[in-house]
Amino acid sequence: MASFLLKSFLVVLAVFFISSMVQASDPDILSDFNVPAGSTIDGNFFTFTGTRDIFGSIIEKFTVTKVSKAEFPGLDGQSVSLAVLQFPGGGVNPPHTHPRAAELLFVVQGSLEVGFVDTTNKLYTQTLQVGDLFVFPKGLVHYQYNSDWNKSATAVSGFGSASAGTVSLPTTLFATGIDDQILAKSFKSDIATIQKIKAGLSS
């Protein structure tokens, strides 16, 4: 009995230590900020101007303006990034995930229908107006849709990572070379339907 308790305790202890070492977010940095080699450090390093001209512009197609460490090196190590999402009337941000961060969406123009699916396959939806915020938990499939065909919509999304990553389900499933037969079996469909979906995504 004592050896069983000792083994159980050691297993629990091992799981605790392993789980405390595993991180699915940005690592902590050991300085105030990270500086890429050869960079000049002044106020410009901490300033991003790539979003100046997007507000007030005419929105003709769904557009994402990312501000992650790839576009703004000053974010490296800061565990934060954002994106500006612009939707024309009827525009959609297709189902996707962010593997490294939750997303906090803030509607600044128009209205959006949003939703996410949890790991029990339950769908949570909401219609958002200007000034509303909605959180999409990290790693869960979610979408945003502007159901008003007569008005555009704009939202700003914040992420708890300098590199949240995006996995777009339509692109990942149908534009990466997964065999048509595998997709047809997975979706209980046929190869002709899969090929039609692929053709629609490539146009």
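Even glycines carry a Cβ here, placed using N, Cα and C.
No curator has checked TrEMBL annotations; they are predicted automatically.
Around Glu103 (oxalate binding site), taking its Cβ as the centre, 25 other Cβ atoms fall within 10 Å, counting all chains. Positions annotated as oxalate binding site by TrEMBL: Asn93, His98, Glu103.
The Mn(2+) binding site annotation in TrEMBL covers His96, His98, Glu103, His142. Counting only same-chain residues at least 6 apart in sequence, those with a Cβ under 8 Å from the Cβ of His142 (Mn(2+) binding site) are Pro95, His96, Thr97, Glu103, Val114, Gly115, Phe116, Val117, Phe136.
Mean pLDDT across the domain 'Cupin type-1' (46-195) comes to 95 in this model. As annotated by TrEMBL, domain 'Cupin type-1' applies to 46-195.
Positions annotated as signal peptide by TrEMBL: 1-24.
Counting other CB atoms no more than 10 Å from each candidate's CB, the binding-site residues His96, His98 peak at His98.
Every protein chain considered, the tally of other Cβ atoms within 10 Å of the Cβ of Asn93 (oxalate binding site) stands at 24. Summary of the oxalate site environment: with the site residues Asn93, His98, Glu103 set aside, the chain residues having Cβ atoms within 8 Å of the Cβ mean position are Ala83, His96, Thr97, Leu105, Phe136, His142, Gln144, Ser157, Phe159, Ala164, Thr166. Other residues of the chain with a Cβ within 8 Å of the Cβ centroid of His96, His98, Glu103, His142, the Mn(2+) site, are Thr97, Phe116, Phe136, Leu140, Val141, Ala164, Thr166.
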